[in-house]
Amino acid sequence: MQTSRSDREFHFTDSNFATIKALIYDRAGINLAETKKDMVYSRLSRRLRVNGLNSFQQYLDLLADPASDEQQEFVNSLTTNLASFFREAHHFDALKAYFSEHPDKKKFRIWCCAASTGEEPYSIAMAAIEYFGCYNPPVEILASDLDTKVLEKARQGVYAFERVESLSDQRLKAFFFRGKGNNSGLVKVKSELQDLVFFLNLNLLNNNWPFDDPFDIIFCRNVMIYFDKPTQYKVLKKFVPYLKEDGLLFAGHSESFPHASDLFRLRKHTVYVKATK
Ligand SMILES: C[S@@+](CC[C@H](N)C(=O)[O-])C[C@H]1O[C@@H](n2cnc3c(N)ncnc32)[C@H](O)[C@@H]1O
């Protein structure tokens with residue numbers, strides 16, 4: 001059935017939605033529910049305006065060109081990037097516990113694979129600085145995301161003050177500069193934190209991840225919820241060789257992987273270990 005609400009600025013049919021749903025599934029693994037039609041309309045309408053187009057069909061024609069710059073904008077528009085500092089705080093306690101359980105490790109390699117706007121990798125850096133009591137803790141944090149726009153924001157490390165106001169005064173003082181003048185109302189993470197985090201544009205669906213060495217910890221939080229179970233399984237299977245035998249995989253609070261019990265085993269609340277361990 002071809003329906004399009006007449007109160008809309010652009011003609012948007014069920015068939016347009018079905019094509020978009022298939023495209024974003026193919027490119028990002030994102031499994032859009034039928035209930036997301038209005039969200040898709042509103043997010044992509046902006047792209048139609050930017051490109052001076054009159055209909056979704058024209059927009060889809062533009063996306064048919066694999067070399068079009070719009071490909072990345074399309075993906076960026078359909079990701080959901082909600083993030084916050086020390087979200088699901090128990091994982092940062094588990095991270096510190098991992099540091100203390102492995103005193104012999106010279107360096108901890110940590111991959112934050114859906115880093116969004118940077119709150120998560122910077123929280124990892126803060127937890128490491130707090131645990132080791134210095135600004136150059138033995139950690140390497142790789143922060144990746146599919147969305148280039150959020151990664152740029154993450155690299156800059158500038159946030160509205162409201163995003164950090166729930167942090168303790170001690171953390172605010174230790175890890176952020178407060179903006180003055182034109183920058184009042186903003187905070188910037190200190191360069192010592194930025195120095196610990198390496199940012200990378202990476203699609204979890206891609207087959208060739210550019211890592212030589214496995215990680216001690218993988219933070220994969222609040223991204224699997226956008227994937228269906230077969231995609232989750234494929235990504236989890238690819239994690240296996242990239243996680244050390246004694247490594248941990250952190251998942252989001254509403255994510256669980258009973259369908260991948262041959263790959264990962266739940267150790268405690270949303271913290272997984274390799275099934276072979
Ligand atoms: C809701 S945010 C999660 C942020 C952070 N991990 C947290 O838990 O606060 C989900 C992120 O997953 C990213 N994402 C979605 N599909 C992806 C894919 N195929 N590969 C890599 N990142 C993806 C999105 O761009 C978005 O920034």
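We number each residue from 1, going along the chain as drawn.
A Cβ is built for glycine as well, from the same backbone N, Cα and C atoms used for every other residue.
The S-adenosyl-L-methionine binding site feature in TrEMBL is assigned to N81, R87, E120, D145, N203, L204, R221, N222. Taken from TrEMBL, the feature domain 'CheR-type methyltransferase' covers 5-277.
Mean pLDDT across the domain 'CheR-type methyltransferase' (5-277) comes to 96 in this model. Site extent for S-adenosyl-L-methionine: among the recorded binding residues N81, R87, E120, D145, N203, L204, R221, N222, the largest C-alpha separation is 22 Å. There are 16 other Cβ atoms within 10 Å of the Cβ belonging to R87 (S-adenosyl-L-methionine binding site). Remark: L204 (S-adenosyl-L-methionine binding site) has G29, C113, A114, L146, V223, V235, K238 as non-local neighbours, by Cβ distance under 8 Å and separation of at least 6 in sequence.
In the three-state DSSP classification, R87 (S-adenosyl-L-methionine binding site) falls within coil.
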